[in-house]
Each structure stands twice: as C-alpha cells, then as structure tokens.
Amino acid sequence: MPSYTVTVATGSQWFAGTDDYIYITLVGTEGCSERTLLDKPLYNDFERGAVDSYDVTVGENLGEMELVKIEKQKYWVHDDWYCKYITVKTPSGDYVEFPCFHWLVDDKEVVLRDGKALLPKDDKTRLVKQHRHKELESRRKTYRWREWQPGIPMSIDANTHKELPRDIQFDSEKGVDFILNYSKAIENLCVNQFMHMFQSSWNDFADFERIFVRIKNTISEYVMQHWKEDFMFGYQYLNGCNPVMIQKCTKLPEKFPVTHDMVADCLEREMTLEEEIEAGNIYIADYELMEDISPNSTDPCTLQYLAAPICLLYNNSQSKILPLAIQLGQTPGKENPIFLPSDDQYDWMLAKIWVRSSDFHIHQTVTHLLRTHLVSEVFGVAMFRQLPAVHPAYKLLLPHIRFTIAINTKAREQLICEFGIFDKVSDGGG
C-alpha cells in the first residue's frame, strides 16, 4: 500500500507547542487519505520548535498532491498550536511543501495549499478553485472593516488587541519585549526621578541635559554638545526623524515676508535673497497644519501653547543647511515677528525650539502615525480580505505588514484614545 511521509514543523515562539490531538487528511487529484491521527507511542509530539515525521498509509495513490487538511482537537484543555509548515513526501519520492504559519486555536482546522505562488487563472481543478474562494470567504468574516473615528483611515474591527485574530496578535516574546524595552528606556532616561519636571516649566537648560545623563554613546553626546547650534538644527531636517518637511523654496509666500535686508548678513555667495532662491539654495518648512489646533491641558495648572511656524533655510557654501528666518505663526504682523540669527541668543534659540516642537507633533501624528501606521493597516486588512495565501502579492506583502494591525490596535486602545497617553503627555492631545 502506498505510504506518504508527512513532516510537521512547530513554531519556535513561546507556547507554540501543543498536547492536543492533531489529525491530517491528504487530498490529491485522484483521491484523499483517511483522517489520520499524528501520534508516536511514548513520544511528546508537537513540542515547541520540533520537526516531527509520520507515515500515512493509503489504499491507492492519491495522484498529484493538492491540499492538506490539519485538525486540532482538545486533549485535556484547549492548547493553542502554531504550525509553521507541513512537507509531504510522495511514494514517488517527490516533496511538496505546504506553508502554514497559523495558530490553530480551540477545535480548529486549516486547509493548506502547496507553497507555489499562483494566480486565479493558474487554478486547474475545481477543488483548488473552491479552496481559494472559501479561504477568502472565511477571511472576510474574520478581518472586518471599521471606521474608528471620522476622518481616520479605515481599520480592523477590533476594540482591543485580544479581540484580534490570533494569527496577527503579538507573539508572547513581542509583548514581553515591549515591556522590557519600555522599562529600559525609563531607566536609561532616569525619567522616574525627573517626572516632576514635566508638570511645570523648566528653569534652566541644565534640567534638560540631566534627563540624558545615563545615555552614553558618540552620537548622543555629540548632539548634546551641539544641539543649540544652527548647523545641527538644519542637519536634523535631512537626517532627523522627520526628513519630509523641508522643501525647495521657489517663491517666498506672502504670509512670510522675509526681505533681503533681514538675512543679508547670513548669505555667503554675494547674491541677493531672490538670487539665492532662483539658484535653488533656499528651502522652506511650513507647519501650517498646526494652525488652529487647540493646545492640550496635560497640566491644568499650566497654560500651554502650540505654534504653526514657517522656517526659511539656507544651503550655504559648505553645503550645510542653516536656519535663516523663523515666523511662529501663519499670519504676519507686529504680534508675529520674524526671528533671525542676528536676534538675541535666547530669542533665536526659543524660536528654533518652537519649530522643533511643531516638527515633533507633525512627525508623531502625520508622518509616523498616519502615513506609516494607519495607511499601512488599510493595505494589511485589504490584503487579508482580497488575496489568498497562494497569491504572489500576498506572499510579497505579508512580511511587511507583520504586527502592523496589532500595534495599531494597541495604539487605538492605549495611545490615541480618549484619556490615553497622548492626552496625558502631548501638547497636541489625542
């Protein structure tokens, strides 16, 4: 009687193994095997990280392998199992691999196709065509759309991380890693002993420097030594965490009336400001998005502010980007002066700090949260709903959206929700 050798790989992450019963059914073009229990006498099957092999005997050859059905049934209590892949060696000696990478929870079954990337037009039999259809039908019931808040990109229909499908939740190691990294960051920043500083205004720049006393590396020490200097301010526009705000200035906007006389002392090429603009040496960063946003009250006893600045930058003869002029609001006038490098040291420094503050808010909410996290989730949910696992685009996209939906759900649950972390610590609020 023909015999097929089935090799089952269990994931290596925490709690991936199981003591539940695992059954397999092999489906080929000429027939299918009986439902077979995968079990070795006196052996602990499906341990974490294990690769176990079993023989499945059939009455006659099954033809070309099409599907593998895996079922998990409770032994004592429900015990989740993470299956990486299954390999089937046919009687003719061929190997067919069936990727899984799924958690089997409760009394669950999963039907797998082989790992070859195939488009719908490549499906030749009725069985695999049905499998493609049923997989998407099931996924659309599991991965549902929801509008979390008006104006926010659509997201998965889940209020908490625990409500997510098991396959896209954080692994146990990832959850612990979050906690450990957070604790390490708190320890390194010595934030615990300086938390009172966030509840009132700081009195001296030394207060700020003391926050980072525990961080010792070449980059951090260099930045701490030079952060007040104009070249470092400009350098961060290209090399900082938010290098998307700077744009080439082809014409000064009317709302930002900088003149040549204001900045003549900073220009190095014996050219007027207009000539420098025409030559492509002037850049601008406009934080108009910050206008009309009400400041959050992280401390009810302290009045807080937000700015919507415009910053003009200069590419000098040494190819350094330097700030040339700063206006902290969008409407020019006596109440909204233009700050210059020639101003008092602390006036100019505070103007730069306000620009950095606005840059932080734009980075956190637009560049990072919106354009990275939330937009990626739209593609992630759509991928699960529209592409079966054998589709080549699914195989290409899957590694890039790993944990995306999970971390976004945690953000909606803890970070940007009402009374969340953003409401508690950010001037812009949640």
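Note that Cβ sites are derived from N, Cα and C of the backbone, with glycine treated the same way.
Among the features that TrEMBL reports, domain 'PLAT' is placed at 2-118. Residue counts for the domain 'PLAT' (2-118) by DSSP state, with H, G and I taken as helix and E and B as strand, are 0 helix, 60 strand, 57 coil.
Within 10 Å of the Cβ of Asp80 (Ca(2+) 1 binding site) there are 16 other Cβ atoms, across all protein chains. According to TrEMBL, the Ca(2+) 1 binding site annotation covers Gly17, Asp79, Asp80.
Cβ neighbours within 10 Å of Asp39 (Ca(2+) 2 binding site), excluding its own Cβ and spanning all shown chains: 13. What TrEMBL lists as Ca(2+) 2 binding site is Asp39.
Positions annotated as site 'Essential for stabilizing binding to COTL1' by TrEMBL: Trp103.
Residues annotated as domain 'Lipoxygenase' in TrEMBL: 117-430.
Residues annotated as Fe cation binding site in TrEMBL: His368, His373. The Cβ neighbour count for His373 (Fe cation binding site), using a 10 Å radius and every protein chain shown, is 17.
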Please report the number of other Cβ atoms within 10 Å of the Cβ of Gly17 (Ca(2+) 1 binding site).
21
Rounded to an integer, what is the Cα-Cα distance in Å between Trp103 (site 'Essential for stabilizing binding to COTL1') and Asp80 (Ca(2+) 1 binding site)?
7
Local Cβ density at Asp79 (Ca(2+) 1 binding site) - other Cβ atoms counted within 10 Å:
17
I need the neighbours of the Ca(2+) 1 site defined by Gly17, Asp79, Asp80. Which other residues of that chain put their C-beta within 8 angstroms of the C-beta centroid, in sequence order?
Phe15, Ala16, Thr18, Asp19, Asp20, Phe46, Trp81, Tyr82
In whole Å, how far is Gly17 (Ca(2+) 1 binding site) from Asp39 (Ca(2+) 2 binding site) when you measure between their Cα atoms?
14
